[in-house]
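Everything on this sheet refers to the single structure shown next.
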Amino acid sequence: MPNNDANELASIARYIKSKTCKNVVLMLGAGISTSAGIPDFRSPDTGLYANLARLDLPFPEAVFEINFFRQNPVPFYTLAKEMQPSQFRPTPTHSFIKLLADKQLLQICLTQNIDTLERRAGVPPALIVEAHGSFASQRCIDCSSPYSDEKMKVAVVSEQVPLCETADCGGLVKPDIVFFGESLPSSFHRAVPKLREADLLIVMGTSLTVHPFASLALLAREGCPRYV
């Protein structure tokens, strides 16, 4: 690690330990989970989108496009087996997030990740905003009825498409991941005031190119230290 990076990290560590720093806000992206074996989305050659030719999609992003899913959910459930969170373990970065929570310094953790590793690391769900949803729950896309975790695991492992069990419905079930064409969760919008209360904003694992998530970094108060 270059000395300037090490010095900057040491400075941030001292600031976190100081009495001035009471509210840390985190903005997280796929880069914090790659060491767990989960590919990011857009890296050339190794990214998720670069390895979807086998699914015979009209374009890579279609696997997460709600209208395409309604027509053909099979590619998503083929991919879901490989992305199933229970096979991955939280990384040291996730342990750092848990430490901030344990020290009562974590104001809010805003994550683009759908892998639920923040939860599995023991970060309280009340402190996590999954801006793009996650695999933590699932429901029917037609009637919104919840679907059991155990039945979902069986469907994903067997690459089967689960269907709603509510009488007279039979709609497609999908994880509560925000697909292209769907609205962001209400928790995302409720988190905006938390940015303005931050004493420190740390951005990890994201290039801040996907909006509106990226725009959140601009909402921290003037003078709030930022570490990207």
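Including glycine, each Cβ sits where the backbone N, Cα and C put it.
Residues or ranges marked as active site, proton acceptor by TrEMBL: H132. The feature Zn(2+) binding site is assigned by TrEMBL to C140, C143, C164, C169. Annotation source TrEMBL lists domain 'Deacetylase sirtuin-type' at 2-228.
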Q: Just name the most isolated of the binding-site residues C164, C169, going by other Cβ atoms within 10 Å of its Cβ.
A: C169
Q. Are there any residues in the same chain, six or more apart in sequence, whose C-beta is under 8 angstroms from the C-beta of the residue listed as 'active site, proton acceptor', and if so which?
A. Q112, N113, I114, I177, V178, L184, F213
Q | Spatial neighbours of C140 (Zn(2+) binding site) that are distant in sequence (at least 6 apart) but have CB under 8 A | A | Y147, C164, T166, C169, G171, L172, V173
Q: Enumerate the residues of the same chain, C140, C143, C164, C169 excluded, that satisfy the criterion Cβ within 8 A of the mean position of the Cβ atoms of the recorded Zn(2+) site; list them in sequence order.
A: R139, I141, D142, S144, S145, E165, T166, G170, G171, V173
Q. Relative to the Cβ position of C143 (Zn(2+) binding site), how many further Cβ atoms are located within 10 Å?
A. 13
